[in-house]
C-alpha cells in the first residue's frame, strides 16, 4: 500500500506525528519524501478547514458507528454540553445522532437510500453542527452507500407473446425487462431463460446503456403441433449475494397473419419544457404493416417503462398514433420518461410491433429561492468585536443549473455583512462598530436571488437590537454657569438648579430620578420659608402692641417702628430705630444699612433707653 493510500485510510487527520512516521517509512529518496511530507501537511490543513466526510451503508443497525465527529471537528468532549453542541439536518429527521459523552456520531434510525435519494447516483446526508460561546458552524457530509437490498422486479407476473407460425428463424421478440431500485453494480441486471428447444435469449444494450431481453427464434414453429409454449425468465442483479426475480413467458403460436407492424425507427427522443399545458402534443408516431386488408389495420397502445408508476403521464390516439401529455410535467419530480408504444394489427390473430419514446423534461425557473434564518445571537452588545457572528442563514432552490444557483445580498449601508461559509450557507457577521446611542435597532433584509432568466427572489427580515453598555460620561447643558446670590440667605434656601444628562439608557433613568428629587427639595424649602415668615410676623405684631406709646418728636427721639424684609425670599423682621445717627465722613448718611434688634424690649422705658439711631 502506498503512503498516499495509507494517508487516505487514516481515521483522524489531526496527528502530524503519524504523517511524519508514514513519510519516513516510505522507501524513497530524501527529496521525494520531503516533497510528499509538504503535500500531506498541506492536505491536513485544508482538511481541517473544510468539510468532514463520513460514509455509512444503508439499513445499518441502530447505534452503528459513523465517526468521531467531536474529535474530527477539533472540539473537546468536556465543552460539548456547555457550548450547546447540536446537529441539524434539513428534511432528514433524526437519522443520525451524536453521543455527547464520547463525541461519536451514530445511526439513530433506519436509513433507506432508495427512499432518501431515489435513483440519484449520489446520496448523502448533510449535517450542520452548531456550537455556541463562541458561535461556530461546521458542515459534515455523510455518504449513504447502497447495499443490495432490493431484488429485480417485473411489472407483471406474466408476459404474453404472440408469434406467427410462419415467423422466420432469427426473428426477435422483445420482452419487458425488470427494474431494480438499487444503484451501481447492485442494479446491474442479467437475464436467464429456462431451457427449451425453440427460443434462446439475447440481451440488447440500448443507447442509454440500459439492457432489455429478447427472444430469438431458433427452430421453426408449427401451430398444429404446438399452439402454446411457456418459459420462465429470471433476472439477476449484480449484488453479492445476488438477488433474483422471475416472470412467466406465455407464447401463443399464431396462424396466417405473418407480418407484424413496424415503426419508422426503433426509438424516438423528445425534449419538453416542464409545466407545459395539459394535452400538449409530444410526437406523432407511424407504423406500417405489409399485410393486406384487416391484417394491416393498426391500433396503437402505450405503456410507461420509467419511472415505475401506475400513473401514466401521456396518452396516445389509438387510431393516429399521436402522443399527448396527460398530466403535469415537473422537472424537480422527474426529468425523464421512457414510454413503450405498441402497434397491433387487426389480423386474426393480431401481431404487434414496438418502439420506445424517450421524453426528457427541461427545467424552467419556476421555484422561488427559500431563505432560512437560524441560530440568532441577539441582542448584540454595542461593544461587540468586528467579525462577531450574529445569525446563520441558509438558502435553497430546487431548480437545476443556473435556475438553482442562489446568491445572497444584504440591506446596504449597515454595519453588517454576509460571509459565505459553504455552498448555500452564509453567516451574518458584524462588519463595523456599533453605537446604541446613534442607532439602537437595525431592520435587515436578506435577499436570495437565483440565476434564472427572469430571476426569482425571496427575502427574510432580521431585526437586530443593540444592547447598551456604559460608554458615555454624564454631560451638563453648558460648561459654565454664573449665579448671583444675595447675602444673609438662611440655610436651605434654593439658589440655583443645574442638570446633567447621560445618553446611556441606565444613566438617563438615574438622572431623571435625581432631577425629580431636586424639585421636591425646592418645594420643601419654599414651604418652610413661608411658615417661618408667618411666625416672625406674629412676633412683630405682638411687640408693636406692647410698644404702642407715641414716641417723642425730638431729633434723636425714637422713630416709628418699621417692618423690613430681611431676606430675598420674603422673611419679615421687626426693627427699632435708635437715637444715634450713623454718619460717614465721605458723604451723606448711608441708606442701605438696616440694623435689627436681637430681642424685643420689656417696657416702654427700655425702648427709649437707646442712645443711637440708624437712618433708614
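These residue numbers are counts, starting from 1, taken along the chain as shown.
Cβ coordinates come from backbone N, Cα and C, glycine included.
Mapped onto DSSP classes, the domain 'Cadherin' (55-154) shows 12 helix, 36 strand, 52 coil. Annotation source TrEMBL lists domain 'Cadherin' at 55-154 (among others).
The domain 'Cadherin' feature in TrEMBL is assigned to 155-263 (among others).
Taken from TrEMBL, the feature domain 'Cadherin' covers 264-371 (among others). Applying DSSP to the domain 'Cadherin' (264-371) sorts its residues as follows: 4 helix, 52 strand, 52 coil.
Across the residues of the domain 'Cadherin' (372-476), the predicted structure has a mean pLDDT of 90. The domain 'Cadherin' annotation in TrEMBL covers 372-476 (among others).
Look at TrEMBL and you will find 593-616 tagged as region 'Disordered'.
Annotated transmembrane segment per TrEMBL: 522-542, in sequence order.
Secondary structure of the domain 'Cadherin' (155-263), assigned with DSSP and counted as helix (H, G, I), strand (E, B) and coil, comes to 4 helix, 51 strand, 54 coil. For the domain 'Cadherin' (372-476), residue counts in helix, strand and coil come to 4 helix, 54 strand, 47 coil, using DSSP.
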